[in-house]
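Presented below is the structure to which this report refers.
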Amino acid sequence: MSGLAERDLKHIWHPCSQMKDYEELPPIAIKEGRGVYLYGYDGKEYIDIVSSWWCNLLGHCHPVINAAVKEQLDRLEHVIFANFTHEPAVRLCEELAGIVPRGLSKFNFSDNGSASVECALKMSFQYQHQCGHPERTRFLCLTDGYHGETIGALSVGTMDLYAKIYRPMLMDTVRVEAPDCYRCKYGLERDSCGCECFAAAEETFARHARECCAMIVEPLLQGSAGMRIYPPLYLKKLRALCDGYGVLLIADEIATGFGRTGKMFAFDHAGVSPDIMCVSKGLTGGYLPMAITVATDEIYDAFYADYGEGRAFMHSHTYSGNPLGCAAALAVQKVLREDKILEKAAAVADILNAALRERLGGHPNVGEIRRIGLVNAVELVRDRRTKEPFPASERTGYKIYKRALDFGLLLRPLGDVIYFNPPLTIDPEAAERAVKLCGEAVSHILKG
Ligand SMILES: *Cc1c(COP(=O)(O)O)cnc(C)c1O
């Protein structure tokens, strides 16, 4: 299959890319995948250490998921989900009901992460309206957050390079300064602090919470911000603050769900529950586009009335509850449970982190190596002492990404933060090999 890259570029506009960059680095055509490995048509092997944008939860072409999707395919590919149902959807929700944070019980399907966020925003807006609070029309969010690319999701995300231009199209949201533990304003240590930075949330709530219907957060891990990690205590405090002001709390667990942080959901670390939770990415193991917005009975009940009262949630997506997606998601749950994936991943996570510290911990351009679950991030800085970043124009992370690809490692960075977010099934050998290749790529670009 020669010439795929050239044929691709004649027609395809790739996501999140300056297409001119492809003159120098054309698209890499992948023929097949197995476990943590991807294979190009030329036979070249790549370690997919970013889980193909964080969605590949259990490795590529997992035999159990493959079999489940194939079986479902010969039964039913899709059916309208208004007034109709099917066994895979019912069984999936029964199973998920047993693992989601306490109180979450009603499952509203969509087909991608951004869509599940839009659903959560509309749901909380309408909930407040129907509970006698039509004045609550705004949303609270953290600075530097990421919740997807559609207009509502962009509105509650960071106002960075990628969102700024759309500002006139976006909702006017209320932003709480996010915790930034690496550059802590109070000079405290993550995990031993008392979340002094939470004062910013308290002040913002005091001024604006009464106009707001909900607050949305990426719990514990602000992924797109550069895998920023903050302590569970922050979520605990946020839960109490939201309760005090009658603001709903939306957990965007799209990146953190299904074991990524070492527990099934990031909120589990805090021992509190959100009112609404969005899941996608790992839900189908990265097989099929599916997402769910999960809500409490209390929210669901506020919509439940005679038709004529007009309280229904008139929100829909054509592919809601797609049976193939449900079959994949059911298989994911089976593997997570039967293969004790979270337990095994915890052991590999320690090995990966130790290897990374040994290899890169002393590098003069490594500001911090931080971790949660199997997620490990290396923040590269010009000056380790002052934490001064590299100028963005140098594209340091991008250069390392390109070099790592030569070495057979898919290490797509977030600015100058390079990170590992591998399938939970990665074995210690592959993890250590990825660290070695990453170390070589870093040394090639940054001589120290
Ligand atoms: C990926 C992601 C989204 C968006 O999901 P899409 O399926 O890409 O629309 C939203 N929130 C978080 C935290 C994500 O990581």
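Just so it is clear, glycine is given a Cβ too, placed from its N, Cα and C backbone atoms.
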One of ASP48, ASP172, ASP252, ASP383 listed by TrEMBL as binding pyridoxal 5'-phosphate at the site of GLY113, SER114, HIS317, THR318:
ASP252
Which has the fewest other Cβ atoms within 10 Å: TRP53, TYR146, the binding-site residues listed?
TRP53
Name the residues of the same chain, 6+ apart in sequence, whose Cβ is under 8 Å from the Cβ of ASP252 (pyridoxal 5'-phosphate binding site)?
GLY113, VAL117, ALA120, GLY145, HIS147, ILE216, VAL217, GLU218, PRO219, CYS278
For SER316 (substrate binding site), just count the other CB atoms lying within 10 A of its CB, please.
13
Can you give me the Cα-Cα distance between TYR146 (substrate binding site) and THR318 (pyridoxal 5'-phosphate binding site) in Å, rounded to a whole number?
25
